Amino acid sequence: MKTILVITDGIGYSDKTQYNAFYHAKKPTYDYLFKNVPYGMIDTFGLSVGLPQGQMGNSEVGHMCIGSGRVLYQDLVRISRAIEYDEIKDNPALVEVTQQSAVVHLCGLLSDGGVHSHIVHLKALAQILSTQGKRVYLHLITDGRDVLPKSALNYLADIESICEDNVSIASVSGRFYAMDRDKRWDRVQKAYESIALGKNPTNLSPKEYIQSQYDEGIFDEFLTPVSFGGFQGMNDDESFVFVNFRSDRAREIVDCLGNPQFKEFKRERYVKLHIATMTEYDATFPYPILFPKQNVQNTLAEVISSHRLKQFHTAETEKYAHVTFFLNGGREEAFIGEERVLIPSPNVKTYDLQPQMNASAVGDAVIKAVEQGYDFVVVNFANGDMVGHTGNLEAAIKAVEAVDKELGRIVESAQKHHYALFITSDHGNCEEMKDEKGNMLTNHTVGQVWCFGMIEGVSKIENGGLNNIAPSVLKAMNLPIPPEMDKPLF
């Protein structure tokens, strides 16, 4: 049976209702699904997706798990284990790059959110290199998105506990500047200039500087890039390690630091660094990688392609990599018979300004693909997550309503054209917009999501994990489930 898989990013279950955008939204399609379509509850966090116990899930991990049909131990766990077992100091890429210079620059997101980085990794590398007699400069990127919006001072105190004679903080940038992924080079340039060139110097201590930004109403995500302590910038032949393990928001800043042919903005000077990256950020990057990606065979898309069936993958810009690269097990190029359609995300500063985003155009692409008879259609609706990240409850309610409207069209189209339909989420977000004290929550939730299965002759969907989605799709399509995959939900 031809099948549609809808991933409603950031829409999850919570029994708390007061600040629950899903609960408060007018959602006739979901009301219909709850009454008429079997569903199970799906785990999206912690060990169920290869993350540490209790760690919130995220879009990268979720889509890898959905598409591979198995639990892959994620980079966060792999790196943490290498630190725990004292193996990272002998990592070939780390040794290769850091032995080139007595000076090592470490750059990464300063939080324990575990989505892009972990402060434990940054601290461990700094301590190892310091013990080896290296002069270590820290370039800290403040978070405020995967963790509380004003939590940087806590993480600063933690990292300052390891700062000593040869470990010091050289720069601080909010992730809005240093971790863009949409080619907003004016932002990236500001971060680059503080990190590489020591521009925008301040005489304040890092703690005083962050507090001064708070006093101006500027919180962690948006801290203006600065340099500290007389840091004059990097010099040729120094070593640089970027410690984030998630690729999408690391590419741009690393590209402008390391690419001699970089042309997106005019660099005052190009510093020739010895660069290593924690994971593979881009297949075209020439830098040594501490933790190269694990090769994942027999993913959902690969199995469908191997049976010479046509498949269609679509999402907005913000989640396009998730329904292509991540869903396909970390593979850049499309499989034979796989078509990809990118719908541009709206060009707004934050998505609460346009909570519907471009959902209607994404819905149009799905309807068209169904009418064209694709054997498998997968789509991601970004609204619940991207608007959930803004912390704006009213906007998040509108985001859910926009997704619900498109789901209604897809349900109708699936029924009309005799498609099986799965609707699930990679993780939650918008169902908890504030905590009990009314503090804004911008992070993903630690909880379950629904998986609805509208399949001819199927009246029960079991509870399970994201790893059970791909085998369920293959079963609905009457295709063999490869031995690497886990069991289906029906």
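Keep in mind that glycine also has a Cβ here, set from the backbone N, Cα and C atoms.
Record features (Swiss-Prot):
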{"type": "ACT_SITE", "residues": "Ser59", "note": "active site, phosphoserine intermediate"}
{"type": "BINDING", "residues": "Asp9, Ser59, Asp426, His427", "note": "Mn(2+) 2 binding site"}
{"type": "BINDING", "residues": "His116, Arg145, Asp146, Arg175, Arg181, Arg246, Ser247, Asp248, Arg249, Lys319", "note": "substrate binding site"}
{"type": "BINDING", "residues": "Asp385, His389, His444", "note": "Mn(2+) 1 binding site"}
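The DSSP secondary structure for Ser59 (active site, phosphoserine intermediate) is helix.
Annotated pair Asp426 (Mn(2+) 2 binding site) and the residue listed as 'active site, phosphoserine intermediate', C-alpha to C-alpha distance, rounded: 6 Å. Take the Cα of Arg249 (substrate binding site) and measure to each of the recorded positions Ser59, His389, His444: the nearest one is Ser59.
Of His116, Asp146, His427, all annotated as binding-site residues, the residue with the shortest Cα distance to Asp385 (Mn(2+) 1 binding site) is His427.
Ranking the binding-site residues His116, Arg249, His427 by other CB atoms within 10 A of the CB puts Arg249 at the bottom. Each of the binding-site residues Asp9, Asp146, Asp385, Asp426 was scored by the number of other CB atoms within 10 A of its CB, and the lowest score belongs to Asp146.
The most crowded of the binding-site residues listed here (Arg181, His389, His444) is His444, judged by how many other CB atoms sit within 10 Å of its own CB. Cβ crowding, taken as the number of other Cβ atoms within 10 Å, peaks at Ser59 among the recorded positions Ser59, Ser247.
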